[in-house]
């Protein structure tokens with residue numbers, strides 16, 4: 001009887017761990033540097049990506065480099081990675097190849113980041129606080145692998161692991177959305193302004209499935 005009750009409890013608890021949650025007006029708070037604390041984002045991505053756009057808001061007072069978004073597949077790390085190298089310097093990795101852009105930033109201050117990549121041309125773009133940076137190019141003709149492990153707060157050196165405290169994120173992340181297309185400049189501006197008129201196809205902050213591991217707290221956004 002006790003075993004039966006235990007299994008019933010597991011069946012009740014597990015769906016809640018991966019519940020689809022509306023996080024509008026909220027953030028994930030990563031209160032410390034660590035090699036363990038992270039959030040796994042859950043999505044059913046069955047096909048490789050030939051186009052993508054990722055947008056998020058972040059607030060951190062770290063001056064060292066850290067991972068903002070880590071997407072790995074079983075066969076390789078850094079399949080898709082957004083990494084902040086230092087104040088005003090951002091890198092996008094596609095298939096372990098990277099491009100880097102630089103922006104003028106106040107430090108510390110909240111930032112809205114969008115990045116996109118188009119396989120047919122290889123063109124990668126960054127938009128910081130609604131303003132476009134100089135375009136870069138990488139991995140023309142490539143396809144980003146499917147069935148990913150997506151992690152916030154840490155940079156993966158293996159599938160879902162291999163974390164390094166010196167690359168961990170400390171601060172707050174919110175309003176994260178991802179599409180399987182390259183958004184137009186007009187659409188990027190709408191996202192920056194907080195519009196929800198452009199429906200995300202991969203990750204949606206207003207209907208997010210996630211799992212928290214370690215010391216990460218969901219709190220109201222007070223700086224957006």
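Note: Cβ is positioned from N, Cα and C throughout, glycine not excepted.
Remember, predicted model here, so these are calculated numbers, not experimental data.
What Swiss-Prot annotates here:
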DOMAIN    24-224  domain 'Pentraxin (PTX)'
CARBOHYD  51  N-linked glycosylation site
DISULFID  55-114  disulfide bond
BINDING   77, 78, 155, 156, 157  Ca(2+) 1 binding site
BINDING   155, 157, 167  Ca(2+) 2 binding site
CARBOHYD  166  N-linked glycosylation site
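Here the features listed in Swiss-Prot are painted onto the structure.
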| residue | record | Cβ within 10 Å |
| --- | --- | --- |
| 51 | N-linked glycosylation site | 16 |
| 55 | disulfide bond | 24 |
| 77 | Ca(2+) 1 binding site | 19 |
| 78 | Ca(2+) 1 binding site | 19 |
| 114 | disulfide bond | 22 |
| 155 | Ca(2+) 1 binding site | 25 |
| 156 | Ca(2+) 1 binding site | 24 |
| 157 | Ca(2+) 1 binding site | 14 |
| 166 | N-linked glycosylation site | 11 |
| 167 | Ca(2+) 2 binding site | 18 |
Using Cα positions only, nearest of the recorded positions to residue 51 (N-linked glycosylation site) (77, 78, 114, 155, 157): 114
Residue 155 (Ca(2+) 1 binding site) versus residue 55 (disulfide bond) - Cα distance in angstrom: 18
Rounded distance in angstrom between the Cα atoms of residue 155 (Ca(2+) 1 binding site) and residue 167 (Ca(2+) 2 binding site): 6
Structural state of residue 157 (Ca(2+) 1 binding site), classified by DSSP into three states: coil
Nearest-integer angstrom distance between the alpha carbons (Cα) of residue 156 (Ca(2+) 1 binding site) and residue 167 (Ca(2+) 2 binding site): 10
